[in-house]
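Asks: Quick one: structure below, then a few questions.
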Ligand SMILES: Nc1ncnc2c1ncn2[C@@H]1O[C@H](COP(=O)(O)OP(=O)(O)OP(=O)(O)O)[C@@H](O)[C@H]1O
Ligand SMILES: Nc1ncnc2c1ncn2[C@@H]1O[C@H](COP(=O)(O)OP(=O)(O)OP(=O)(O)O)[C@@H](O)[C@H]1O
Ligand SMILES: [Mg+2]
Ligand SMILES: [Mg+2]
């Protein structure tokens with residue numbers, strides 16, 4: 001169980017996440033939704049140890065991981081895919097993936113690698129290409145590959161489908177289901193509710209850094225009005 | 001043009017120092033502050049390139065040497081007034097900076113910094129091999145005996161008046177930067193800093209504007225070098241060694257690149273602090289240790305530079 | 001110009017060039033592993049060779065003095081790598097490089113304070129033995145420098161390319177934040193990198209102290225021409241750094257033969273590095289922010 | 001009218017574009033294709049960031065010899081896959097950069113800038129530093145840049161990436177208005193098939209650097225090859 | 001405890017209003033010239049303890065220019081303008097004199113320097129030094145090589161700095177030419193790691209004698225290179241004063257034992273003349289134990305001593321008047337000491353090099369051995385000096 005309680009994150013003088021709580025269970029998918037600037041990405045970064053946390057708790061199976069270094073958090077079984085398809089630009093695709101397997105015992109790396117290649121044959125064709133020269137979508141595949149390489153127990157994916165062709169999104173959706181069946185706890189952060197909700201067991205909607213809705217995904221899937229109320233309330237230009 | 005608080009504060013600061021410094025301090029400190037004014041101008045050039053374009057010049061002090069060389073060359077070779085020599089120094093150094101820019105235009109980050117460092121190394125060798133003109137014959141103009149007299153500006157023969165003169169020139173140089181920053185070049189630079197591709201897609205001639213920044217920064221270095229030559233009357237290659245250029249860049253970062261207080265702080269750290277250490281009779285080796293430690297400390301703790309910290313502490317002054 | 005004289009100058013140039021190469025290789029090793037170009041490497045080397053000299057004067061057995069020198073260099077490098085470098089990790093590569101000037105000043109200041117200016121000489125037993133190549137006598141020490149340069153190039157290249165830690169170092173140098181997120185044990189890997197680089201700096205210091213001269217300031221700022229060699233390898237290819245360093249040495253030495261250029265032959269490293277950089281960048285198009 | 005003629009781009013061994021020819025006549029046209037198909041590469045060729053063999057002609061003008069910034073002065077506007085606005089400039093200054101490079105009087109430019117801000121709904125944020133904008137506002141600013149200075153051709157690379165449904169809808173309307181307001185022809189790359197089918201009358205589909213279809217959007221999306229390669233619904237067609 | 005006494009004082013510590021005197025030295029990596037001002041300071045301390053000058057103590061203020069021309073200018077401004085010193089004594093630097101000579105001339109103050117190293121220092125109307133500098137010392141070494149070692153072709157390896165290497169090696173070439181012999185110069189960049197190609201260049205010049213005219217560190221590097229080539233016996237090896245230093249024989253090692261001839265600008269520092277003995281005892285009593293007892297130290301002592309001697313001869317009422325002091329310094333003629341071979345004089349001329357006779361020593365064991373006692377240098381450069389000395393009635 002990955003639990004976040006009363007988490008507050010500030011950037012400069014601005015509180016971007018305030019008092020957010022969530023719980024991701026093994027074998028379940030949680031969708032985190034919200035309009036632009038709602039603070040979803042900051043939440044993910046804070047959970048991954050990339051942003052300092054002002055207050056609140058982050059626990060895995062009852063053990064606090066708040067304040068740990070990012071590599072420690074990954075070791076604790078949490079893998080995050082940050083927004084903006086970040087890859088090691090000067091390294092080849094294969095080196096990217098191998099580097100991401102630092103916490104795996106050496107013997108398991110090749111197996112993990114072939115799993116990722118199986119999911120993304122596009123990458124397998126380009127093992128030797130520098131990741132920085134890949135197309136946007138290919139980089140997103142590498143970024144997701146990074147997270148899968150460490151065989152995490154909890155997977156956080158920010159903007160999973162960003163820049164990916166529909167075909168690949170479908171494949172990914174299947175993978176998410178498969179991981180879920182294997183008992184991985186998954187948090188999908190999305191702008192675009194449709195895909196996420198179709199996968200999710202529970203959903204959470206954020207607005208202006210706070211939780212605006214938290215409940216079964218069903219509820220939002222069934223009633224677009226509820227979704228709209230939680231989500232699109234405010235202006236279409238997003239900001240404040 | 002809108003007047004900013006910081007701009008007015010800058011002009012006021014310049015006016016106050018120009019009026020009061022020369023009468024308040026002894027002749028040793030008049031010279032120290034003259035040097036400080038010169039280096040502040042050069043540091044402002046570094047800050048311009050770094051803050052606006054993320055380009056690093058590790059050759060600024062070397063370029064000052066070029067400006068100083070031209071000033072001395074003109075002074076000893078032709079009978080022209082100081083202002084003319086100074087202007088020539090600025091223009092020649094700007095052209096020189098632009099020339100440097102040619103190979104550097106396609107480079108960024110550390111590579112760019114290193115190519116400028118290489119040119120600093122080259123300038124160091126040339127200056128230390130051929131020395132600065134001191135009134136001798138020929139192109140290099142070096143003779144073994146004591147240097148021929150240097151003609152300071154008619155308005156600033158005395159050290160005190162020369163300090164005022166240096167402050168005025170430095171202030172004009174910084175105003176020139178400000179003028180650029182607020183105009184089309186400033187916008188183009190901001191765009192280039194975001195990404196060269198985006199700048200090109202915005203119709204910005206990236207090559208031209210980068211070369212222009214090099215030239216402007218070179219101009220300031222040239223003026224600074226010329227002013228320094230006028231302060232002492234002659235120059236020595238040791239002043240312009242490559243490590244000095246690295247040092248001035250480091251201090252420009254520590255001071256806070258991209259604002260006039262940053263440049264002034266950098267120059268104070270560069271010239272006033274060592275002079276104080278020297279005045280206190282501190283062993284120069286230990287002074288080096290303290291200086292190095294202070295440099296590291298400042299780089300670690302003040303990401304926006306000391307000027308940024310001061311600005312944060314004085315919220316009223318922001319912007 | 002008789003071939004014999006040219007031969008002399010070529011061999012002499014190779015001897016100096018291998019020093020540039022050794023220095024450059026040390027810089028590139030650290031840069032590739034941590035993204036820091038350490039301008040303080042020369043100062044660390046200077047301190048360690050002064051220490052070796054001091055211990056030698058005190059009567060320590062020679063091999064112990066060398067070990068002590070390399071050990072101290074490793075230690076100094078580790079102190080910086082553990083205490084200071086991580087706090088600058090998020091800054092531009094240039095600011096990280098410039099910050100190491102602070103390290104250089106501190107170490108140089110301490111060295112100059114401990115060892116007041118005096119005439120000293122540091123020599124190794126291998127100075128006494130030599131072979132004649134193309135008419136020039138070359139001491140075994142110089143051969144050691146050349147061999148060590150090659151050995152480090154080969155060893156480190158293999159290490160970076162094939163080992164797990166090597167991969168982690170490359171990943172770290174590319175993007176430290178992301179590497180941390182990917183689970184690369186940042187501190188451990190960085191510590192290893194700074195340690196290796198420190199040992200190389202110490203060894204380089206011993207060689208410079210013997211073959212150039214035992215003056216801390218000179219050794220400290222030799223790092224600048226060594227950067228020229230590093231540039232020839234684009235701060236990346238150790239093999240090219242070696243080639244670059246040797247070429248610089250030979251060209252610089254051959255410039256002695258030209259009456260016009262001999263007075264400015266020390267410019268060779270800078271001019272060559274600038275030309276190499278220009279050539280490397282030829283036809284390159286501007287890219288997006290963040291690309292090097 | 002935009003004509004692409006036998007565009008070929010190679011990166012070392014990889015052929016990113018392979019003799020791609022197409023002709024876009026509609027005000028708004030789309031380019032779709034799987035990841036790595038060569039869409040961004042095509043756009044880079046059109047805007048002059050990449051050299052390619054082949055020809056790019058717009059309204060009969062061969063853009064071949066022009067460098068990117070000259071193409072912009074000629075009237076080409078582009079948005080990148082990741083928006084590229086300068087954080088340390090205000091929204092208005094981000095547009096002003098473009099106008100700086102173009103001829104015209106101060107007042108004309110001011111009017112141009114104001115109307116672009118007006119259309120995109122950014123007027124109230126004109127003097128806000130770009131660093132304070134959220135993702136959508138940044139996208140809008142980027143798009144507003146394509147509106148100033150009499151554009152003739154606007155190319156957009158995944159403009160709706162990372163936007164929510166309502167934002168995407170609003171953005172689609174804005175793109176449609178470009179042609180109306182400025183008379184410029186627009187090319188859009190996106191993975192959002194709904195957006196593409198709503199705003200693009202004509203669409204080019206690429207796969208592995210080759211053209212696999214080109215024509216009326218609705219027809220193209222029905223093409224089994226496209227469905228197989230892009231939408232991943234091969235099984236139904238087969 | 002019998003401390004040495006200095007000057008004509010009565011033996012009780014001086015009390016009156018201090019006489020302000022300045023001194024500028026250079027000390028920063030890579031060189032330290034402070035031994036000159038240290039010795040002058042020791043001497044003045046001794047004078048003060050011994051009763052001062054006309055009962056007044058000397059207030060000796062020293063500044064470090066750290067090889068930085070700006071600092072040099074600032075230091076001189078402070079001493080000359082702010083403090084109003086009556087004269088500068090014991091100055092020793094590479095940069096101070098070139099920067100400040102115009103100031104000294106303008107302010108009508110004399111600098112009785114002790115460590116001149118560049119041409120500007122000798123070719124100025126307001127600076128006079130007790131040391132010889134690289135030119136005289138190199139020519140001196142060359143004369144010895146020609147006259148005693150049978151050198152026919154000398155290659156002078158100097159610093160690639162116009163006012164040092166080119167100037168001094170140029171004078172050696174002129175001297176050789178004046179004798180109908182061959183000479184050439186090889187100039188090294190001070191920071192260059194590569195001294196080998198310089199040495200090869202000297203070899204290629206066809207010389208039979210190598211004149212090493214470099215700061216000690218660089219000189220040792222060149223000689224190390226020569227050792228590497230094992231060419232000690234192929235050439236004759238001579239050097240200017242920088243190698244005349246107690247640490248040098250040890251640093252050179254056995255290889256050079258007996259093969260390296262060095263010119264000494266002043267008389268040997270282990271000499272037995274009264275001034276040499278007095279110098280050492282003043283140093284022991286008033287200087288720090290670790291302050292070097294080297295040539296610059298001798299020169300600093302000597303400048304201070306001559307200055308004191310001159311002030312004592314002045315009318316006590318004129319001592320605070322800078323113009324009078326300057327005039328008195330310029331009037332110095334014929335002061336003698338066993339530390340220098342010839343007479344010391346100043347005179348109203350625009351170049352000063354009173355000390356142009358020296359001693360030649362050879363590296364021998366852990367020290368040096370005198371191979372030629374005081375001998376006067378000749379050559380085109382010295383002709384005008386000798387002319388002037390005739391005018392002052394010194395010859
Ligand atoms: N470096 C920063 N400094 C200050 N504020 C920031 C910074 N980065 C982001 N913000 C602000 O934090 C808020 C939350 O941003 P975040 O990126 O988490 O939103 P999001 O919900 O992920 O939206 P999107 O869908 O656009 O990614 C926004 O208002 C943004 O402007
Ligand atoms: N510099 C390069 N070196 C090698 N291959 C490259 C380089 N740049 C692009 N490529 C390859 O060219 C192909 C086309 O890339 P492009 O960016 O045009 O794809 P795209 O269609 O825009 O994809 P996406 O939808 O994922 O953005 C990709 O396979 C990419 O890996
Ligand atoms: Mg986000
Ligand atoms: Mg793309």
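Heads up, residue numbers simply count up from 1 along the chain you see.
Cβ coordinates come from backbone N, Cα and C, glycine included.
Note that TrEMBL annotation is computational and uncurated.
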Asks: Between C:117-139, C:186-208, which stretch does TrEMBL give the note transmembrane segment?
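Replies: Within the set C:117-139, C:186-208, TrEMBL attaches transmembrane segment to C:186-208.
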Asks: Cβ under 8 Å, sequence separation of at least 6 from the ends of the transmembrane segment (C:263-280): give me the contacting residues as numbers and ranges.
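Replies: Residues packing against the transmembrane segment (C:263-280) from afar: 20, 225, 227-229, 231-232, 234, 244, 247-248, 251-253, 255-256.
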Asks: How about the transmembrane segment (C:214-231) and the transmembrane segment (C:36-53): at least 3 CB pairs under 8 Å, pairs 6 or more apart in sequence, or not?
Replies: yes
Asks: With CB pairs under 8 Å as the measure, which of the listed stretches C:6-29, C:36-53, C:65-85, C:143-165, C:186-208 comes out on top against the transmembrane segment (C:97-115)?
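Replies: Maximum Cβ contact count belongs to C:36-53.
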Asks: Determine whether the transmembrane segment (C:65-85) and the transmembrane segment (C:6-29) share at least three Cβ pairs under 8 Å, counting only pairs 6 or more apart in sequence.
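Replies: Not in contact, no.
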Asks: Given the transmembrane segment (C:36-53), which of the listed stretches C:6-29, C:143-165, C:186-208 has the most Cβ pairs that are under 8 Å apart from it?
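Replies: Answer is C:186-208, with the largest number of Cβ pairs below 8 Å.
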Asks: Going along the chain, which residues at least six beyond the ends of the transmembrane segment (C:143-165) come within the CB cut-off of under 8 Å?
Replies: 14-15, 18-19, 21-22, 25-26, 29, 32-33, 126, 131, 189, 192, 196, 200, 203, 207, 211, 238-239, 241-242, 245
Asks: Quickly jot the same-chain residues contacting the transmembrane segment (C:6-29) by Cβ under 8 Å, restricted to those at least six beyond its ends, or write none.
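Replies: Same-chain contacts beyond the flanks: 37-38, 41-42, 133-136, 138, 142, 145-146, 148-149, 152-153, 156, 193, 196-197, 200-201, 203-204, 207-208, 211-212, 222-223, 225-230, 232-233, 235-236, 238, 241-242, 244-254, 256-257, 269.
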